[in-house]
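One structure below.
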Amino acid sequence: MTGTRPAAHGGTAAGARARGVAATVRGGWFGFAGSAVNALFGFLLVAVVTRGLGAHGAGAVFAGVAAFTIVSNACKLGADTALVRFVSRDLELTGGAGVPALLRTAVPPALAASTACAAMLFLSPAPATWLLPGLPAGQALTVVRLFALLLPVATVSLVLLGATRGYGSVVPFVGVEQIGKPVLRVVLALPLVLLAPSVLALSAAWLAPALLGAAAAWVSLRRSRAAHRGGPGRPGEERPVSPGEFWSFAGPRALSSVFDIAAVWIGVVLLSALGTGTEAGIYTAVGRLVTAGTLLQLAVRLAVAAQISRLLTVGLEREAEHLHRLSTRWIVLFSWPLFMLLAAFPAAVLSLFGPGFGQGAAALVVLSAACVVNVGVGNAQTVVLMAGRSTWNLATAGAGFAAQLGAGIWLVPRYGVTGAALAWGLAIVVDNTASALLVRRLGFRTADRGYLHAAAVAVAAVAPPAFAARLLWGDTLWGAVLGGAFAVCGFCAALWRYRVPLGVGEFLRALRKGSEGKSRRASRAS
């Protein structure tokens, strides 16, 4: 599977473009719903833990979560992203005949790496002492050992879900990672907070859903393979991906994925080690809000990756470019308004977490500004990866993380939560700017007239009423509610007025086409 099919033309290319847009819209819609559930229950979990343990105890819990998330993503060794790319290619070229070999190549190394890391964390007290200095040594070691026990399960689950995404469906990933686990964590945490709140108990509540998640990932993958068995590929015409080819792509992605996830969590770790547990808890709340602003971008990324890989496999570069450009337009249109509202009312929004969290207002403004750049380039990193340039992605992610770590070590002891936010914001700008330049080098044009319309509508319809409300009523919940209401009215009016250049019609047609396709499949099944 080293080559691609000759480029399709005419009606075939138009059909491939329409299918790619339809699949992205359907997957993005479901992914957005899942991301919303994830954000809501993530918010609830932070609120439950912080109110049950206080900012200091919550900081200890989320420092453990941060370390676990970083290590589990590192132990995937990039195999999940490689499976997204190579499974989608294999479906086009061989009808899925090479998928079993891909799984045999991907899963054992990830299992071995995660087991080795778990053993090290379980046996050595040093990581616990460094990561959780605010806890007694014995308690810190027990908490870290608990995280270590579930590390292999969580890692393999993520790899298997990467394979299901390669089949073109985001449903298993969203169902497990964005709906199932977040909901179960809150369900388990609530009675513990009421009856026996402790750092160990709430850490266990966060970890326990990983067991059910792994089982669900395995079942979902088996169903995906059964549904695509005997697909329309051309078995035997392409040689299977060798382990060397697989890992030459996955290896750089393994490192870049560590940088990606570390960028989100390293601030918590630095604040826990160089600042206070209270600051780590506040920063976690700020991070939750910023992550909520990228819900649509994440949802589209989950849906678009396999589609871009599929289009590039069959030589339809212009169709892949169109899909990237259109999806970026929608991301900007619906994501920028939220970041402007967060920047206008940071203290009011943070007050929802409880007293004292308003100290993170400046940090929220900094990260909101940085995330305007993040969503402004769309899923540039995904385009780079699905084009097979994992070393390019490693370079940009590494540069961003180096900037964040260096700045964070200097800024966190001096400016606390705001310093951690400045460091993360710097990483976001460096990584995304470099990725946008690399996408242009691949021949993809992100900005067009539709993009400019989307940016103009997002800014002009939301910023004036939001900041006018801030001037009139201050950074208060009442001001945020009124400013948000006026902004929504202005945005909806502008969306209708400029629906043609914004591509609203294409979005609705794709969504309608997906619903009709589901109805036809249901009719045939019955």
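Every residue gets a Cβ built from N, Cα and C, even glycine.
Taken from TrEMBL, the feature transmembrane segment covers 29-49, 61-79, 110-132, 144-168, 188-219, 258-277, 330-354, 360-380, 392-412, 418-439, 451-471, 477-496.
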Item to check | Beyond the flanks of the transmembrane segment (418-439) by at least 6 residues, Cβ under 8 Å | outcome: 263-264, 266-267, 270-271, 279, 283, 286, 324, 360, 362-364, 366-367, 369-371, 373-374, 376-377, 380-381, 383-384, 389, 392-393, 395-397, 399-401, 403-405, 407-408, 410-412, 446
Next on the checklist: Looking only at the recorded stretches 29-49, 61-79, 144-168, 188-219, 477-496, which one has the largest tally of CB-CB distances under 8 Å to the transmembrane segment (110-132)?
Outcome noted: 144-168
Item to check | Proximity of the transmembrane segment (451-471) to the transmembrane segment (330-354), 3+ C-beta pairs under 8 angstroms | outcome: yes
Next on the checklist: Below 8 angstroms Cβ to Cβ, which residues of this chain, lying six or more residues outside the transmembrane segment (29-49), approach it?
Outcome noted: 57-58, 61-62, 170-171, 174-175, 177-179, 182-183, 185-186, 189-190, 193, 202, 206, 284-285, 288, 291-292, 295-296, 298-300, 302-303, 352-354, 511
Checklist entry - Who are the long-range neighbours of the transmembrane segment (330-354) in its own chain, taking Cβ under 8 Å and residues 6 or more past its ends? => result 28, 46-47, 50-51, 282, 285-286, 289-290, 292-297, 300, 360-362, 364-365, 368-369, 371-372, 375-376, 378-379, 451, 454-455, 457-459, 461-463, 466-467, 469-470, 475-477, 479-480, 483-484, 487, 491, 495, 502-503, 507
Next on the checklist: At a C-beta cut-off of under 8 Å, are there same-chain residues at least 6 beyond the transmembrane segment (477-496) that contact it? List them, or none.
Outcome noted: 333, 337, 340-341, 344-345, 348-349, 351, 457-458, 460-462, 464-470, 502, 504
Item to check | Within-chain partners of the transmembrane segment (188-219) [C-beta distance under 8 Å, separation at least 6 from its ends] | outcome: 45, 48-49, 51-53, 57, 60-61, 64-65, 68, 135, 139, 142-143, 146-147, 150, 153-154, 156-158, 160-161, 164, 172, 175-177, 180-181
